[in-house]
Amino acid sequence: CTEGWTGENCEEPVDVCADFECQNDGTCRAVSGAAVCICPNTHEGTHCETAKDLCAGVECHNGGNCIDATGVCDCADGFTGPTCDAVEGGGSDDDGGDDDDAL
């Protein structure tokens with residue numbers, strides 16, 4: 001059979017994903033005759049073997065913390081919004097200054 005084909009009469013395409021393992025819920029797809037892992041947004045790499053740092057570049061304010069598994073801020077009580085800048089019930093705590101007021 002020519003490359004990429006198998007079977008008694010060379011009528012079946014070779015399954016390039018048969019022996020290609022994708023990790024961490026990645027899915028193998030044949031792309032231009034080669035096995036490629038399609039990784040979930042939490043992982044990367046040839047076999048989805050490397051966890052992404054979803055909190056890289058995420059700044060959570062007012063005592064909020066970035067959740068590693070999602071890259072989303074978990075806001076402290078009284079704050080909301082993507083970066084915890086909004087005061088619950090309306091308004092904003094972003095006065096352009098330092099959040100640690102010295103007395």
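Every residue, even glycine, has its Cβ placed from backbone N, Cα and C.
According to TrEMBL, the cysteine that forms a disulfide bond with Cys84, out of Cys66, Cys75, is Cys75. When pLDDT is averaged over the domain 'EGF-like' (13-49), the result is 94.
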